[in-house]
Amino acid sequence: MAFMEKPPAGKVLLDDTVPLTAAIEASQSLQSHTEYIIRVQRGISVENSWQIVRRYSDFDLLNNSLQIAGLSLPLPPKKLIGNMDREFIAERQKGLQNYLNVITTNHVLSNCELVKKFLDPNNYSANYTEIALQQVSMFFRSEPKWEVVEPLKDIGWRIRKKYFLMKIKNQPKERLVLSWADLGPDKYLSDKDFQCLIKLLPSCLHPYIYRVTFATANESSALLIRMFNEKGTLKDLIYKAKPKDPFLKKYCNPKKIQGLELQQIKTYGRQILEVLKFLHDKGFPYGHLHASNVMLDGDTCRLLDLENSLLGLPSFYRSYFSQFRKINTLESVDVHCFGHLLYEMTYGRPPDSVPVDSFPPAPSMAVVAVLESTLSCEACKNGMPTVSRLLQMPLFSDVLLTTSEKPQFKIPTKLKEALRIAKECIEKRLIEEQKQIHQHRRLTRAQSHHGSEEERKKRKILARKKSKRSAVENSEEYSAKYSNSNNSAGSGASSPLTSPSSPTPPSTAEHAPF
């Protein structure tokens, strides 16, 4: 496929960050093995689910592939004798369900290609490294000065974004990184505007943005080249990782968990906030802040991957902030993601869950104050502060930045308007997703409450009371009828048929005013 060809008609742009859940519905024993029937669901909609059939050997193969992450995953052990017993199969099914729960709730594992292919083979059967190589090869036909040194296999978390180590033929010692990425579900720019904005990125000059050497795009993907940095990203510094290693190996299970020094936290935090403010003031949507998207150049942080929002790619932390309806603009998304980044810089690891109820001891209470304003229950419920507000907080307000480089990023008026509309569309999809999640959560809570043991007891007590009340009312009604019957018989015997009956007293309803 030529690099400038159009994408296939009707191409489905999946949001790879939507969580997959998996429940083993049944098992069936064949001649020499057992198959497990698994119901997989994408997101909150039961309608968006499908069945897959897996053997224990499939789980074992997946687990072996995930060993690179260095985690101790709870896969039930192998058993050669007695593995067809009914009790053993039932016990193993429980163990495999627990295994599925662990890998689908781990933020890094659940987003990796290995797990996605295991649970959703229909949507993740393509070889994206091969597709990227085809695209890159077509590009090199028109730009022969570049040459691929080697693929940088799985160094990032995105399934549809691939990296290659490059060199320029007449400068063989200089190393560069080429990134290729497919379109995402939030690509709302027209093809023309999209390509113009991608090609504009090399002109962006800012002391805290990592320079793009070359950028081009077609209607279905984009290709960018930057200088290779041996030191790697801010996440590599925090996790003491090698930049070329696979993402799972680098960040899933760090050998030593240690945060940065207070002065580093202050300086890096201030630099990142300054560049976020610059982009917000320019009307350029970002929404992709995390420690792997911050390159370290000496003591300077430089932001990476400005192209992600143009491509319409979903954020690394989307499954977090999509839970909170007050985080509904790209500016507030950036602030919330900054909270995640600050937590990682402070404690050397990501938070166990968000919102964070209480924060461990930090190098300064000023750090905790910023974390509380971005990750606490109150912040997630009520909304994020602005970047300007964070810059005024004590942790960053006294940091002196020394740079002589003047920021430059000229975006034509027409493209600014296109960015504004695209940003509104991205936010609209986020708001709609948050609304659906909120409604689903309310419904689930109501059903859970209705099905709780306490509620069942209450309903039984009410049913008994109602039954007793009904029995009493029936008994009284029967007694009244029996009494009336006896009275009628008595009056007929003692009174002449012609005697007038006593007048019935009028009811209060008859005299009630209209």
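Every residue gets a Cβ built from N, Cα and C, even glycine.
Taken from TrEMBL, the feature domain 'PX' applies to 14-126. In the domain 'PX' (14-126), helix, strand and coil residues by DSSP number 45 helix, 26 strand, 42 coil.
Positions annotated as region 'Disordered' by TrEMBL: 437-514.
Note on the compositional bias 'Basic residues' (437-448): residues 44, 322-323, 325 of its chain, located 6 or more positions outside it, place their CB under 8 angstroms from a CB of the stretch. Per TrEMBL, the feature compositional bias 'Basic residues' maps to 437-448 (among others).
Summarising the annotation, TrEMBL assigns compositional bias 'Basic residues' to 457-469 (among others).
Feature annotation from TrEMBL assigns compositional bias 'Low complexity' to 480-501.
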Please work out the helix, strand and coil residue numbers for the compositional bias 'Basic residues' (457-469) from the DSSP assignment.
13 helix, 0 strand, 0 coil
